[in-house]
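Have a look at the structure below, then the notes.
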Amino acid sequence: MGITSLLLGLTFVLNIALAISIIFLERKDPTSSWAWVMVLLFIPILGFFLYLIFGKPISNRKIFSWDKKSRLGVKTTVQSQLRLLEENQFEFNQPDLIEHKDLVYLHLKNDEAIYTQNNGVDIFTDGQTKFDALLEDIEKAKKHIHIQYYIMRSDGLGNRLADMLIKKVNEGVEVRVLYDDMGSRSLKNSYIKRLKRAGVMVEAFFPSRFIVNFKINYRNHRKLAIIDGYIGYLGGFNVGDEYLGINKKFGYWRDTHLRVIGDAVQSMQTRFILDWNQASRDTILYNEDYYQTVSAGNVGMQIVTSGPDSEYEQIKNGYIKMIMEANDYICIQTPYFIPDESLRDALKIAVLSGVHVKIMIPNKPDHPFVYWATLSYCGDLIQAGAEIFIYQNGFLHAKTIIVDGRIASVGTANIDVRSFRLNFEVNGFLYDSEVVNRLQNEFDADLEKSTQMTRKLYDQRSIGIRFKESISRLISPVL
């Protein structure tokens, strides 16, 4: 027997073992499971390595560690809020929010997401104003600055941020920067070294330590900034010149980001600390300076996170619950729309129940297969009666859901399998009609810059586009 035959035989045996593991042990979504089984069967050698790199699930063992004091504090608050909700004694500062107590309960039970209602919220839809505000807050920092982004670039904006962080370190402010190793793969080593030499603590999430990174498919997609424990930022903007709208390929960059002052920032801080402690040997312990109580409004909020290590798909479950609670309308903005069957059915049921569903997607792809799959799934919703709008004023990157003008979600999670099952994500769920109406006004303004994809237009698409959609939809479970 030749070496080639031996290797082929060994690969066949290993692929059969992997296929059995995928079907019986890993408890993947059936569609995803069969997609990987087909890859292993039809391209056995390449498929074997593709699965090891992109398909192997992360350990169910929690990869994030809490110090006992922080853990006890969160647990105590969560149990107290759950009990009050169960006994109908929870006091919402806006009485009509009692109608959404089940959503609050879900996030408490599902993610230990504490409900806070003393928050002030600013909304940014433009990168220039968002980063001007962030840099101004950083410049005023007195104690600490915690920065976390999926993508960081060593370009004009990246260097402006670096200059400001170095300035604050020289003033005695503690500065930590956490970036995703894959998302920030273009970040220059000289940029990182410059920060470290100045005293900025810098860490990469799931870095490539070997030739093959077996965690490459599991990325930290979160974008957080916490300043002095009471100002927090979260949303869709990363750090790079394209997010300022000066990239010729994408043009204007339309995103949504929140600036929060209030107790919700404590949950954002905890999330940063957990992520930092996973990535760094320099473990952050409980520090009262990290958790400041400042009231700046009466906006109700829960900071909800999810990831491949989660037992449940917390953010996706929150999306579905919001859709289920809708009585009048649902407005969605997402750059990628590849819903799994559960979310797709929830939207169809809402439409067929008389709820007006509007979904806005970009008019240009940054990931072609994802874009064509998005169009395919939008076609399903068009047939059910949803309205699909194509944003024409640049690139739409916002991840926003608005329901009935009363509740909303803004964050990093797209409506796709990657965000629900493979990426570490963070969203803010908002319970406040005034803030939600501000988000609604932004959505309505975007409608003026969009064109509707009607049933007639969708049915007129070319054979080439139909072919691209079919292929992209077929592989969408592994995108």
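Placement of Cβ uses the backbone N, Cα and C atoms for every residue, glycine included.
Feature annotation from Swiss-Prot assigns transmembrane segment to 5-25 (among others).
Residues annotated as transmembrane segment in Swiss-Prot: 34-54 (among others).
Positions annotated as domain 'PLD phosphodiesterase 1' by Swiss-Prot: 216-243. Beyond its flanks by at least six residues, the domain 'PLD phosphodiesterase 1' (216-243) meets 53-56, 58, 124, 127, 130-131, 134, 137-138, 140-153, 155-158, 161, 178, 180, 182-183, 205-206, 208, 249-250, 253, 255-262, 264-266, 268-269, 271-272, 275, 289-294, 303, 305, 307-308, 397-399, 410-413, 419, 422-428 of its own chain at Cβ-Cβ distances under 8 Å.
As annotated by Swiss-Prot, active site applies to H221 (among others). Taking the Cβ of H221 (active site) as reference, residues of its chain lying under 8 Å away and at least six apart in sequence are, in sequence order, Y150, D180, G183, T412, A413, S419, N423, F424, E425.
According to Swiss-Prot, the active site annotation covers K223 (among others). When secondary structure is read from DSSP and collapsed to three states, K223 (active site) falls in the coil class. Here the Cβ of K223 (active site) has 24 other Cβ atoms within 10 Å, regardless of which shown protein chain they belong to.
Among the features that Swiss-Prot reports, active site is placed at D228 (among others). In the three-state DSSP scheme, D228 (active site) is classed as coil.
If you look up Swiss-Prot, you'll see 392-419 marked as domain 'PLD phosphodiesterase 2'. Model confidence over the domain 'PLD phosphodiesterase 2' (392-419) stands at 97, taken as the mean pLDDT rounded to a whole number.
Positions annotated as active site by Swiss-Prot, on the basis of sequence analysis: H397 (among others). Around the Cβ of H397 (active site), the same chain contributes G236, F237, W253, R254, D255, P335, P362, each under 8 angstroms and 6 or more positions distant in sequence.
Taken from Swiss-Prot, the feature active site applies to K399 (among others). Same-chain residues at least 6 positions away in sequence with a Cβ under 8 Å from that of K399 (active site) are, in sequence order, G235, G236, T256, Q333, T334, P335, S409, V410, G411, T412, A413, N414, I415, N427.
Sequence annotations record features per position, and here Swiss-Prot assigns active site to D404 (among others). When secondary structure is read from DSSP and collapsed to three states, D404 (active site) falls in the coil class. Every protein chain shown contributes to the tally, and the Cβ of D404 (active site) ends up with 20 other Cβ atoms within 10 Å.
Cα spacing between D404 (active site) and K223 (active site): 27 Å, rounded to the nearest whole number. Annotation for D228 (active site): same-chain Cβ neighbours under 8 Å, separated by at least 6 residues, are A141, K142, K143, H144, I145, D289, Q292.
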